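Asker: Let me begin by handing over the structure; questions about it come next.
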Amino acid sequence: MAAAVEALYVVLEREGAILPRQEGFSGVYVFFSPINFVIPPMGAVMLSLRLRVCIPPGYFGRFLALTDVNQPDVFTESYIMTPDMTEELSVVLFNHGDQFFYGHAGMAVVRLMLIRVVFPVVRQASNV
């Protein structure tokens, strides 16, 4: 019996959505902005990526800040993604600097890290 192929399935929902790129052979995927955007100084923007992902069973995902944006003051906020989530993905980007940040369509904006999890059974013990 052949082993099941694990894959991160991506549904491009709307115009401008860009397929993420895997970093090497890691469990990290780079996502790109579908539009031009501006983050004001000390401000934030909620950026829709215009896509959905299907996290493989046995994993959970988390967005990470993208350090190679070359803008040291721009950070991201995220939540844990599980295989049962189906909503379109958005990312909140914060600009903690004193200059406007100008992003463009096709620019890398966030990383998704997939983390393998195990589901051990619960057993009662008299001593640990």
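Numbering starts at 1 and runs along the chain as displayed.
A Cβ is built for glycine as well, from the same backbone N, Cα and C atoms used for every other residue.
So Swiss-Prot lists these for the protein:
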| type | residues | note |
| --- | --- | --- |
| TOPO_DOM | 1-26 | topological domain 'Cytoplasmic' |
| TRANSMEM | 27-47 | transmembrane segment |
| TOPO_DOM | 48-99 | topological domain 'Extracellular' |
| TRANSMEM | 100-120 | transmembrane segment |
| TOPO_DOM | 121-128 | topological domain 'Cytoplasmic' |
| MOTIF | 125-128 | motif 'PBZ domain binding motif' |
Asker: May I ask for the residues of the chain that lie six or more residues beyond the topological domain 'Cytoplasmic' (1-26) and have a Cβ under 8 Å from a Cβ within it?
Answerer: 32-35, 49-56, 58, 88, 105-106, 111-112, 114
Asker: For the topological domain 'Cytoplasmic' (1-26), what are the DSSP-based totals of helix, strand and coil residues?
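Answerer: Counting residues per DSSP class in the topological domain 'Cytoplasmic' (1-26), I get 0 helix, 6 strand, 20 coil.
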Asker: Go ahead and report the DSSP secondary structure tallies for the topological domain 'Extracellular' (48-99): helix first, then strand, then coil.
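Answerer: Taking each residue of the topological domain 'Extracellular' (48-99) in turn, the totals are 3 helix, 23 strand, 26 coil.
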